[in-house]
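In TrEMBL this protein carries:
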- A:Asp219: active site, proton acceptor (ACT_SITE)
- A:Gly50, A:Gly52, A:Arg53, A:Lys72, A:Asp84, A:Gly85, A:Arg142, A:Arg149, A:Asp229: ATP binding site (BINDING)
- A:Asn220, A:Asp229: Mg(2+) binding site (BINDING)
Amino acid sequence: MLKNLGLTEADSKTTDFLNVLTGNTVMENTKPYAMCYGGHQFGNWAGQLGDGRAINLFEVENDQKQWTVQLKGAGATPYSRTADGLAVLRSSIREYLCSEAMHHLGIPTTRALSLALTGDEVMRDVLYNGNAEYEKGAVVSRISPSFVRFGSFEIFASRQDTATLKTLVDYTINHHFPHLGTPSKAVYIAFFNEVVQRTLSMIIDWQRVGFVHGVMNTDNMSILGLTIDYGPYGWLEGFEEGWTPNTTDMQHKRYRYGNQPNIGLWNLYQLANALYPLVEEVEPLEAALNQYRADFELGSIQMMRNKIGLKTEKQQDKSLIKDLETLLQLTETDMTIFFRNLAAFKKDNPNEGLEWIKEAFYSPTEVTDTIKQQWKDWFQHYATRLQLETVSDSERKKAMNAVNPKYVLRNYMAQLAIDDADKGDYALIDELYQLLKKPYAEQPENEKWFAKRPEWARHKVGCSMLSCSS
Amino acid sequence: MKLNIKNTFIEELPADPVLDNNRRQVKEACFSYVTPKKQRNQSFYTFLMKC
């Protein structure tokens, strides 16, 4: 990231750099600011929100690219509402590691540049249950071409402030979608279409790797289609469409894994409503939203084809994939291990199928003869389907390993790094950071991280349950 | 440390005229100017990670 900004390793060792990226000094010719935006939270309009914990320092232009540098946890703003604008080490480690992991998985995301301890203690109630404790304070610096959100537009639409709305839309197009041309009604429609497509593509990527954002409110949706705001996110361990890591969302599970594509669409409807005053026509906005539905259908099947190594398209793929998704949920089955090990399957030996993937089962005793038979049947269908492909087993394996990561930031891994860091040992943060730089590589020396979630982590706070507290 | 600073967001978009850092409703503006908090223990600042 340093290089992207035009900085050197030597720069990063200076006191200047440390002071600026912790908010301790404000650089000359810069004026830090907090953005005003609104948003729909858990389906309801929440009014004005804004950067309550984030402070934008400045923009940098380098190699004809524009970057905004933002601090998270550097103090209160007019938008902090009842909070203090600070961040704790726990949530800062999670943001730092996950945003970088996502980048290296090839998923559009904001980036992290640095993670620093502030030396202050911050009071937090982790589960919002009245048990507040002091935690180490930290500041993360994060980088993105823009931090503008769906909610940035919604706030002006909600206040019938079309003038400011137009100013912001025009600015966004001019700086971040310049290929669309000079802002006009037609360009606004093209802009919306592109946001729809980028958002969809990002969410299909999430589904591919088992990432659950946890709090897909419209103020957490980037206008650039980047993954943004790493809060109570989690990674699927067992493949389970109904899973969410966010304790705040336990009742309705609005933001569960299997619902993310629907929520993406719902959020885009809110954006369409916000842009309507500039477009003044419903049809083109609706057409873009309908396109999302159609493209999601096709895109998610294609993504699953890639995951199981199918290069060609056949009529029966849809049912083969649907059957697989059902099977994966009959008994807790580790998503990452399953797809990674499936790559070793030999199309001439369907009877071996179960052997290759059984390591993914959390409770082997739950795998009854009936379930085993269902798997055997599926592997027969899969083998028959693979015979229609021209690629060899080894070529298929290579292609599958390029879309099925071996290493993801499992929930307990982040928690181990946090537990160590609380004791003053920061080595594991770097170990995980290095590991997750090459998520698709075999890295045999790191095999210990290619393992199911340990049993102690099943119901541990931070490993399977997270709140928005940060 | 030399950076090619640009300030397009604050230069091209309307600012909140109020400079106090109190919680408020902000109208007809895309942002408010703020100053990051100086922590009590400045000497404690340490980088754990840098990309």
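The backbone N, Cα and C atoms fix where each Cβ goes, and this holds for glycine too.
Overlay of TrEMBL annotations on the structure.
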{"residue": "A:Gly50", "record": "ATP binding site", "contacts (Cβ under 8 Å, 6+ apart)": "A:Ala34, A:Met35, A:Cys36, A:Tyr37, A:Thr77, A:Pro78, A:Tyr79"}
{"residue": "A:Arg53", "record": "ATP binding site", "contacts (Cβ under 8 Å, 6+ apart)": "A:Lys72, A:Gly73, A:Thr77, A:Ser80, A:Ala83, A:Gly85, A:Leu86, A:Ala87, A:Ser470"}
{"residue": "A:Asp84", "record": "ATP binding site", "contacts (Cβ under 8 Å, 6+ apart)": "A:Gly75, A:Ala76, A:Val122"}
{"residue": "A:Arg142", "record": "ATP binding site", "contacts (Cβ under 8 Å, 6+ apart)": "A:Val69, A:Gln70, A:Leu71, A:Lys72, A:Glu95, A:Ser99, A:Thr110, A:Arg111, A:Ala112, A:Leu113"}
{"residue": "A:Asp219", "record": "active site, proton acceptor", "contacts (Cβ under 8 Å, 6+ apart)": "A:Tyr37, A:Gly38, A:Gly39, A:His40, A:Gln41, A:Ala46, A:Leu49, A:Arg149, A:Phe150, A:Gly151"}
{"residue": "A:Asn220", "record": "Mg(2+) binding site", "contacts (Cβ under 8 Å, 6+ apart)": "A:Gly39, A:Arg149, A:His213, A:Ile228, A:Asp229, A:Gly231"}
When the binding-site residues A:Gly50, A:Asp84, A:Arg142 are screened for a C-beta under 8 angstroms from chain B, what remains is A:Gly50
A:Arg53 (ATP binding site) -> DSSP, reduced to three states, gives coil
DSSP, reduced to three states, assigns A:Asn220 (Mg(2+) binding site) to helix
For A:Asp229 (ATP binding site), list the number of other Cβ atoms lying within 10 Å of its Cβ atom.
24
